[in-house]
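Copied over from TrEMBL, here are the features:
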- Asn9, Glu386: Mg(2+) binding site (BINDING)
- Lys16, His215, Leu216, Gly217, Asn218, Gly219: ATP binding site (BINDING)
- Arg100: substrate binding site (BINDING)
- Asp157: active site, proton donor/acceptor (ACT_SITE)
- His188: site 'Transition state stabilizer' (SITE)
- Arg248: site 'Transition state stabilizer' (SITE)
Amino acid sequence: MTDAILVLNAGSSSLKFALYSDIIVGHDEAVMQTPLLRGKIANIGNAAIFSAYDAKGNVVPPQDHMICEPSATHDTLIPALLEWLQNHGGGATIKAAGHRVVHGGRAHAGPARITNTLMAELEDLVPLAPLHQPHNLAAIRHVAAFTPDLPQIACFDTSFHRTQDRLAQIFALPRALTDQGILRYGFHGLSYEYIAGRLPSYLGQHGGGRVIVAHLGNGASMCALKNRQSVATSMGFTALDGLMMGRRCGALDPGVVLHLLEQKRMSPDEITQLLYRESGLLGVSGISNDMASLEASTAPEAREAIELFCYRAACELAALCAAIGGLDAIVFTAGIGEKSALVRSMIIDRLAWMGVALDPTANEGNQTRINSDASKIVVLVIPTDEESVIARATRQLLHVGNATPAH
Ligand code: ADP
């Protein structure tokens, strides 16, 4: 019987899961980072779709009762998934669950064991991440209901950014509001932690240099790293700030929000819907929030959406250079960053003045190192793996009692 760590990453319409062997920290990293099984339930709330793969990448067949139920919700799927894992988890015994939790507030610079007190604290942060935090917390509650004694660990997307200087974290607002926690928290920290941990294997001793990681998925942000620590990031108080995203607007003049409230008489709920769900690639194109679909479209609106996405990304990347005093390497990651040669080239072309250039063949081939020989800046494509960061932290907190970063 293998002891295993269950990793859950609950989104609004998806649930990613993975089982990692619970071997003691200090063993072979490669073994620790390779899941015994991983999968995803997508499209929750609208005919859920299940997929799972074993350690060798072979498809693990689903069990009809949990997968094909069109009315399945997070509430029904999590207990069903836990039951399914008992039968299809390769005989593994789950010893702990690690969760992605978007917001850990100011207090948590690392993972934390779930207690009633912590749950109450995380509940208070729901208004700061209304689209993500409730699902993360619901997953924790469902696991607790199914297996009350199972240790559970929360791994926060905000934690990685707590190394930032105060200047990078505060807004130019009255001090009283800063003291109340109206700060730039930053997100996608688990992804950045993973990439930071991989840098030495790609950049050697330069891994600790000035690096900007572009996490470009449905949600998108950038993080400026020095010594593999977060110095500045594009997302702020909420996951709305910074880059243009699939459905989110990114950085916006706050005067627009006041205008929508006062002149357009929109309600806060309507504005939330507009900024989180109807803007970004979807809003500008009027076609789709999905980059691959926009690339396949011949509509000028699709092209304009892609161009705005890349223009905003290039401007943000250049701004982040000021926080780290220059740039040695750029890393692209997440769905768009890993797969879209077009987006990477459109962003890098706008930064040619920095002396950065791509090797077109390497870029088209989604190779790991995609800069040209003449480029003064290294450009890498590194697939992210948030689940392995959660597994590592969970194991470590379980066995050692504290969790150090993956690097
Ligand atoms: P999430 O933030 O939901 O985890 P992902 O990291 O999976 O999202 O990224 C999803 C985005 O990646 C979508 O916009 C999708 O179209 C885009 N993407 C995936 N594959 C490709 C591709 N081959 N070309 C262009 N975009 C792609």
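Heads up, the Cβ atoms here are built off N, Cα and C, so glycines get one too.
This view paints the features noted in TrEMBL onto the structure.
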residue : record                             : Cβ neighbours (10 Å)
Asn9    : Mg(2+) binding site                : 22
Lys16   : ATP binding site                   : 17
Arg100  : substrate binding site             : 25
Asp157  : active site, proton donor/acceptor : 28
His188  : site 'Transition state stabilizer' : 29
Leu216  : ATP binding site                   : 28
Gly217  : ATP binding site                   : 18
Gly219  : ATP binding site                   : 26
Arg248  : site 'Transition state stabilizer' : 28
Glu386  : Mg(2+) binding site                : 23
Exercise for review: Tell me, if you would, which residue among His215, Asn218 (binding-site residues) has the fewest other CB atoms within 10 Å in the structure shown?
Suggested key: Asn218
Check your understanding: For Glu386 (Mg(2+) binding site), which DSSP three-state class applies?
Key -> helix
Review point. Near ligand 1, which of the recorded positions Asp157, His215, Gly217 have CB less than 6 Å from any of its atoms?
Key: Gly217
Review point. What subset of the recorded positions His215, Asn218, Arg248 lies within 10 angstroms of Glu386 (Mg(2+) binding site) at the C-alpha level?
Key: none
Review point. Within 10 Å of Arg248 (site 'Transition state stabilizer') (Cα-Cα), which of the binding-site residues Asn9, Lys16, Asn218?
Key: Asn218
Practice item. Express the distance between the Cα positions of Gly219 (ATP binding site) and His188 (site 'Transition state stabilizer') as a whole number of Å. Key: 9
Point to revise | Spatial neighbours of Arg100 (substrate binding site) among the recorded positions Asn9, Asp157, His215 [C-alpha, 10 Å] | key: Asn9, Asp157
